[in-house]
């Protein structure tokens, strides 16, 4: 059985990952939290609500990584890159679901993953990744005759904007249309800003309440509109996806993979 360690184990996402891993028949070998966290030393299973596992939450990154086959990390880019570096040194696989990576940070992640297999994906949902494939095909079919706008909604605690999933959706569409996403993405419209350019991809964000995550991509033509939407009802789809990725990554060749690789959509 695969031994999985979870970073951010006492958080909402970390708890759901622990539950999903146990349900999938994996072994929870380690549970990591930041130094000084009030739940360090407590049983990770009891914190997650799935019963005692005999695994105490720890702040010792090296020890936690040493004891696992795969580390699952939903934290921040800075923490994830540090964890990726340690996993590389110890030849352990890692699954990263953190969002908010800059292009430079993604490039660094690829460099750090030269010697180990790693999955880096802004969204672990099977449905969202099917949407990525649909968006690519649809953009190629529609071409430049349709304007593209993206709207994403999340809870009021989310720290990054726009979401990593929304950005990836924009990147997929831009790549399919032969555009540079960083050049055509429009995150801000206010006042007299002129007509919309044909190439731009608009990005709008909404933050409020407890919305887990909603994304809609609009392809807007003359007299017609196509919408591709995904709505997350709970975080469990992300946790199950991360465990699926962890089981898939073991034994793979070194390199940086994404959920399209995990799901065989490439």
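The backbone N, Cα and C atoms fix where each Cβ goes, and this holds for glycine too.
Among the features that Swiss-Prot reports, active site, proton donor/acceptor is placed at 154. The secondary structure of residue 154 (active site, proton donor/acceptor), as reduced to three states from DSSP, is extended strand. Within the same chain, residues at least 6 positions away in sequence whose Cβ sits under 8 Å from that of residue 154 (active site, proton donor/acceptor) are 163, 205, 206, 207, 211, 212, 213, 214.
For residue 158 (active site, proton donor), the same-chain residues that are 6 or more apart in sequence and have a Cβ closer than 8 Å to its Cβ are 207. Swiss-Prot lists 158 with the feature active site, proton donor, giving sequence analysis as the kind of evidence.
Within 10 Å of the C-beta of residue 33 (NAD(+) binding site) we count 24 further C-beta atoms, all protein chains included. Residues or ranges marked as NAD(+) binding site in Swiss-Prot: 8, 9, 10, 11, 12, 13, 33, 97, 98, 99, 121, 122, 123, 124.
On its own chain, residue 34 (NADP(+) binding site) has 59 as residues at least 6 apart in sequence with a Cβ closer than 8 Å to its own Cβ. Mapped onto three states, the DSSP output places residue 34 (NADP(+) binding site) in coil. Sequence annotations record features per position, and here Swiss-Prot assigns NADP(+) binding site to 34 based on sequence analysis.
Look at residue 165 ((S)-2,3,4,5-tetrahydrodipicolinate binding site): DSSP puts it in a helix. Annotated (S)-2,3,4,5-tetrahydrodipicolinate binding site per Swiss-Prot: 155, 164, 165, in sequence order, evidence recorded as sequence analysis.
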- prompt: What kind of secondary structure is residue 12 (NAD(+) binding site) part of, going by DSSP in three states?
  reply: helix
- line: Those same-chain residues, other than 155, 164, 165, found with Cβ within 8 Å of the centroid of the (S)-2,3,4,5-tetrahydrodipicolinate-site Cβ atoms are 99, 122, 123, 152, 154, 158, 160, 163, 166, 213
Query: Between residue 8 (NAD(+) binding site) and residue 165 ((S)-2,3,4,5-tetrahydrodipicolinate binding site), how far is it from one CA atom to the other, in Å?
result: 20
- line: Students should find that the Cα atoms of residue 165 ((S)-2,3,4,5-tetrahydrodipicolinate binding site) and residue 33 (NAD(+) binding site) sit apart, in Å rounded to an integer, by 25
Message: To see if you understand the setup: which same-chain residues, six or more apart in sequence, place their Cβ under 8 Å from that of residue 98 (NAD(+) binding site)?
response: 73, 74, 75, 76, 77, 79, 80
